[in-house]
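Enquirer: Look at TrEMBL and you will find 173 tagged as active site, thioimidate intermediate. The NADP(+) binding site annotation in TrEMBL covers 202-225. The domain 'IMP dehydrogenase/GMP reductase' feature in TrEMBL is assigned to 5-309.
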Ligand SMILES: NC(=O)C1=CN([C@@H]2O[C@H](COP(=O)(O)OP(=O)(O)OC[C@H]3O[C@@H](n4cnc5c(N)ncnc54)[C@H](OP(=O)(O)O)[C@@H]3O)[C@@H](O)[C@H]2O)C=CC1
Ligand SMILES: Nc1nc2c(ncn2[C@@H]2O[C@H](COP(=O)(O)O)[C@@H](O)[C@H]2O)c(=O)[nH]1
């Protein structure tokens, strides 16, 4: 198997088919809806909050609200009362089952539910998918996180409508160091490996450091990418603002860090500071323009035309200058 990551892959251009990049369509379909960009901000406390999710939904972007110290039922009610789609996160513990019961009892059906635990290839996830499909059958269920084709096959067979790939590639992740496991350092080839067996959409989660990494993810099989650190340092980001030597930063911490958990138990995340770089809206517009450029370099007009390009693997002992189909 080829092992590579975002920074040692480059995609190869094909003859341009547009006169302007504005002709390139960066939108993507997930479930019953179309979104203007194949990007979703990570469902983390320092990346999204209710206000940001409302703005994202209102402006045609996909979002997944985080699940920490949060009233999912009220959130679904509020979003749908505003005519917006509801997209929530759940774990696999009793309070998460209680949330599903409360939603069903109130006749509230979130359009998207993401089951989000560290080791998603687990019977606990199988049970929660089954429960959701029984109680809220119209919800589109995303499940993860996982790292192998076996896990993707199981989650799909258990009823997941999409899977989320990535254990340990995140910027505030310390899973690799603490446990010796994960896709940190080879997330892109793990994505390729998983995509070979997937029959449903994949969300590539973690490790995106540059806008060009979005196109690389699409090339290797992602339908969408989940991004934390690149989207955490904005004026409206929920993390605390910190000033260091006259420069403004936002705190960004892992969901499995002691900062999020409130205790030092099974900690697999850390806290960092991200420089504040304007507004989220500006960054998303720039991302859209960059994905449009990617599509044009791919010789296409639509997002999935990026899947057709060849690539080279750069650098390292196992580098290959051969064209890879
Ligand atoms: N993508 C990634 O690399 C990672 C992401 N995270 C994120 O951190 C957040 C918290 O995750 P998590 O701690 O799972 O959530 P929870 O604290 O909600 O735990 C979910 C359940 O899974 C169990 N569990 C967690 N990890 C394992 C494991 N390795 N083996 C067996 N059981 C496990 C927990 O039990 P118990 O705690 O008793 O073991 C608990 O019952 C999530 O948003 C998750 O996505 C966390 C780590 C890695
Ligand atoms: N191992 C851990 N992974 C975590 C934790 N909190 C979040 N995450 C994952 O990281 C991505 C975001 O990655 P980034 O490279 O874009 O910053 C996020 O979506 C989660 O999957 C954690 O505490 N430990």
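Glycine is no exception: its Cβ is also placed from the backbone N, Cα and C atoms.
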Enquirer: Rounded to the nearest angstrom, how far is the Cα of the residue listed as 'active site, thioimidate intermediate' from the Cα of residue 202 (NADP(+) binding site)?
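Expert: Distance (Cα to Cα, whole Å): 21 Å.
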Enquirer: Per 10 Å Cβ neighbour count, which of the binding-site residues 217, 223 ranks highest?
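Expert: Of 217, 223, the one with the most crowded Cβ is 217.
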Enquirer: Do you know offhand how many angstrom separate residue 208 (NADP(+) binding site) and residue 173 (active site, thioimidate intermediate) by C-alpha?
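Expert: It is 13 Å, counting Cα to Cα.
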Enquirer: Does residue 173 (active site, thioimidate intermediate) have same-chain partners at least 6 apart in sequence with Cβ under 8 Å from its own Cβ, and which are they?
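Expert: Residue 173 (active site, thioimidate intermediate) has long-range Cβ partners 182, 184, 206, 254, 268, 269.
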Enquirer: So which binding-site residues out of 202, 214, 217, 220, 223 are up against ligand 2, CB under 6 A?
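Expert: Checking each Cβ against ligand 2, none of them comes under 6 Å.
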Enquirer: If you count Cβ atoms within 10 Å of the Cβ of residue 214 (NADP(+) binding site), leaving out that atom itself, what do you get?
Expert: 28
Enquirer: What count of other C-beta atoms do you get within 10 angstroms of the C-beta of residue 205 (NADP(+) binding site), across all chains shown?
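Expert: The Cβ of residue 205 (NADP(+) binding site) has 31 Cβ neighbours within 10 Å.
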